[in-house]
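Here is what TrEMBL records for this protein:
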DOMAIN    16-396  domain 'Major facilitator superfamily (MFS) profile'
TRANSMEM  49-68  transmembrane segment
TRANSMEM  80-101  transmembrane segment
TRANSMEM  107-129  transmembrane segment
TRANSMEM  141-167  transmembrane segment
TRANSMEM  173-193  transmembrane segment
TRANSMEM  219-240  transmembrane segment
TRANSMEM  252-272  transmembrane segment
TRANSMEM  284-311  transmembrane segment
TRANSMEM  317-338  transmembrane segment
TRANSMEM  359-387  transmembrane segment
Amino acid sequence: MTTGSTPTAWPPPGGWLWRPLVGATLSQVVLGIVRPTASYAAIDLGADGVMVGVIAAAFAILPMLLAVPVGRVSGRLGRLGIIPGASAIVLVAACALGALAHDLATLAVAGALLGAGNLGVLLGAQSWISRSAPSSRYNDGFGWMTAGMALGQAVGPLVAGLVIGPVEVTSDGIAAAFWSAAAVSAGLGLVFLSRATRAYAPGAAAEVGTLEILRRPGVARYLVVSAAVLTTVDILTAYLPVLGSAVGIPPVLIGAMLALRGVTSTLSRLLLGPLSRRWSESGLIVASTLGAAICVALIALAPTTIVLFAALGVGGFFLGMGQPLTMTAVAIALPARARSSGLALRLLGNRVAQTATPLLAAMVTAAAGVAAIFILQVAGLLVSAAWESFAARRGPDDYDRA
């Protein structure tokens, strides 16, 4: 199989790493500013807890509908900056609409546009790497990009808190936070101003449909691994405070534990390139899911302060590798013309899992207690590790590196 991407020089023109790295990072800064700001805005407009949840859910609706079509269009376009640049404009519009919103319906529309714009930027950034870098550098690119995203996720809420009001929430502060996010979005758009173009190699495989992508060796497996890892992070963030409260661990320590997980996850992403040159992607996927499963099991079975700190520190390192590894695995499992669509399917699977998991978690917790939801995540991680290990023993998937 030909990999199909034909950069004419190394490094290829157009910034194969810095543009998607900076762009994806800024997109998460925008997200980190707008999502808490939207909740404050909803409360300011008289929303109750249910309505705040509805507005938050609006963020996920358009991405689930648009992920595959946007991925397909991204794969067809020669100019790499079109999708992320246009998506930055959508983000500016979403932030402006939020700043000007005088009713909850307008705020919900702003949330939906925010989700669509964020999706386009992330798909554009991933597509930029998958079409510009040789596949041997994918882990470097995706690792650094996701590390930058983690930094953006930390910075955004801090900016929101400072701008909205360090002491009390004000309407002017809410509007200022939205406009701050709009300014960051505009800067994000400038990052993707580029004439960089990528053509497919003569004789590259033709574009394939969604079902054929899912039938490619390994793709469905990597989608499951990605969802299992991402929902584990979500569950830790949402339910570790509940577990801590049940066993008497103060909030300040729970916050420090979650921060430690974030730091070690970022570290593993920065080191992913060197790690992948020492071990195979398959080996790293098995190690990351199995290691994370052991750490999450310890959290559920022995929730003491020392154990939780150790488990989150080590587990965070393993969990951090999951997203960039599955980006690489999906991209190299597919022919060049299908890579953007495959990465879009991965994002869609993540969004569906993130939507369904909190509902399942609520039911499991009500029936069996908070520790049970951690055990359920352990099961998902173990299934992922076993599936990948079995596939590796069967032989390598049918793809070639650039």
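Including glycine, each Cβ sits where the backbone N, Cα and C put it.
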Stretch contact, the transmembrane segment (359-387) with the transmembrane segment (80-101), Cβ-Cβ under 8 Å, 3+ pairs: no
Residue numbers, six or more beyond the limits of the transmembrane segment (49-68), whose CB comes under 8 Å of its CB atoms: 35, 38-39, 42-43, 104, 107-109, 111-116, 118-120, 123, 210, 341, 344-345, 347-348, 351-352, 354-355
Which of 80-101, 141-167, 252-272, 284-311 contacts the transmembrane segment (219-240) most, counting Cβ pairs under 8 Å: 284-311
Cβ-based contact of the transmembrane segment (141-167) with the transmembrane segment (252-272), 3 or more pairs under 8 Å: yes
Best-contacting stretch, by C-beta pairs under 8 Å, relative to the transmembrane segment (284-311) and drawn from 80-101, 107-129, 173-193, 252-272, 317-338: 317-338
Ranked first among 107-129, 173-193, 252-272, 317-338 for CB pairs under 8 angstroms with the transmembrane segment (80-101): 107-129
Most Cβ pairs under 8 Å with the transmembrane segment (173-193), selected from 107-129, 252-272, 317-338: 107-129
